[in-house]
Amino acid sequence: MQILLANPRGFCAGVDRAISIVENALAIYGAPIYVRHEVVHNRYVVDSLRERGAIFIEQISEVPDGAILIFSAHGVSQAVRNEAKSRDLTVFDATCPLVTKVHMEVARASRRGEESILIGHAGHPEVEGTMGQYSNPEGGMYLVESPDDVWKLTVKNEEKLSFMTQTTLSVDDTSDVIDALRKRFPKIVGPRKDDICYATTNRQEAVRALAEQAEVVLVVGSKNSSNSNRLAELAQRMGKRAFLIDDAKDIQEEWVKEVKCVGVTAGASAPDILVQNVVARLQQLGGGEAIPLEGREENIVFEVPKELRVDIREVD
């Protein structure tokens, strides 16, 4: 059985930065460090940080005075940010800079009183944070997930309208929603390029190439990871059996029985150790050496806040 590895796969710059912020805060300040929401959507990462003293909470009221608080990579609303400011807390922001860019687009529209439409998944923390940047009662902020939502939507002023997107969406699905928005509201204004981030786009492109060759595709990622779910859906849409797995223990032998080629990829919040474990398990089931496919090279790095720029090896 041939094993193919998608390229790129796994950690993106925003996830790397967010995890480093929590790790460095633990090294400098010691446990406990409070993190609002899972810093990234990966069970292995969250469990390992929890073991080292990170406490994951959903409400600022759960954080004691004088504590260290970190906002997750998904970003937070202005209301959450203001609540944290009103408390005696030291706050570090692990929001992905590409999410912050979308926040700034929404804030600009809010200041101008223009209505805004966000393409995204209801209930996702990134969507909640992005919607929470809009505060102008003269305008309005709306969420759509599908072309059907667009056709049902009514706004106050079609002449002054803009749209933004969640950063971890399906490129193909989002294109369909944008097409519907432009037909429904001909004067709507959007970003020069949709807000789907480079890592999401690259990983979807890579899984498309992977699924062209593999009979079965394994996506390493947690069930609550938006970008990981989109990878599995894309492979399935291409007619391949695809499974979203947290780790090697989730692999069922019958998935790869009599399969000649299996493909492996990982969502942007899944560490490479999990991919290595999956490859090792596939090799136990008869797989050969893992062969990486060619793909886009990624060299983007996002710096951590200057207060946390320390070599953690220097910290006792």
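Cβ coordinates are placed from backbone N, Cα and C, and glycine is handled just like the others.
The model shown is predicted, which means the values in this text are computed figures rather than measured ones.
There are 28 other CB atoms within 10 A of the CB of CYS12 ([4Fe-4S] cluster binding site), with all protein chains counted. Among the features that Swiss-Prot reports, [4Fe-4S] cluster binding site is placed at CYS12, CYS96, CYS197, with the record citing experimental evidence.
The secondary structure of HIS124 (isopentenyl diphosphate binding site), as reduced to three states from DSSP, is coil rather than helix or strand. Per Swiss-Prot, isopentenyl diphosphate binding site is recorded for HIS41, HIS74, HIS124, SER225, SER226, ASN227, SER269.
Contacts of SER226 (isopentenyl diphosphate binding site) defined by a Cβ separation under 8 A and a same-chain sequence distance of 6+ are given as HIS41, HIS121, HIS124, GLU126, GLN166, THR168, LEU169, in order along the sequence. The dimethylallyl diphosphate binding site annotation in Swiss-Prot covers HIS41, HIS74, HIS124, SER225, SER226, ASN227, SER269.
The (2E)-4-hydroxy-3-methylbut-2-enyl diphosphate binding site annotation in Swiss-Prot covers HIS41, HIS74, HIS124, THR167, SER225, SER226, ASN227, SER269, and the record cites experimental evidence as its basis. When secondary structure is read from DSSP and collapsed to three states, SER269 (isopentenyl diphosphate binding site) falls in the coil class.
Annotated active site, proton donor per Swiss-Prot: GLU126, in sequence order, evidence recorded as a curator's inference.
Candidates HIS74, THR167, SER225, SER269 (binding-site residues) were compared with CYS197 ([4Fe-4S] cluster binding site); those inside 10 Å Cα-Cα are THR167.
Per Cα geometry, HIS74 is the residue among the binding-site residues HIS74, THR167, SER225, ASN227, SER269 nearest to CYS96 ([4Fe-4S] cluster binding site). Using CYS12 ([4Fe-4S] cluster binding site) as the reference Cα, a 10 A cut-off selects SER269 from the binding-site residues HIS74, THR167, SER225, ASN227, SER269. Those same-chain residues not listed among CYS12, CYS96, CYS197 yet with C-beta within 8 angstroms of the centroid of the [4Fe-4S] cluster site C-beta atoms are ALA13, GLY14, VAL15, ALA73, PRO97, LEU98, VAL99, THR167, THR168, TYR198, ALA199, THR200, ALA268.
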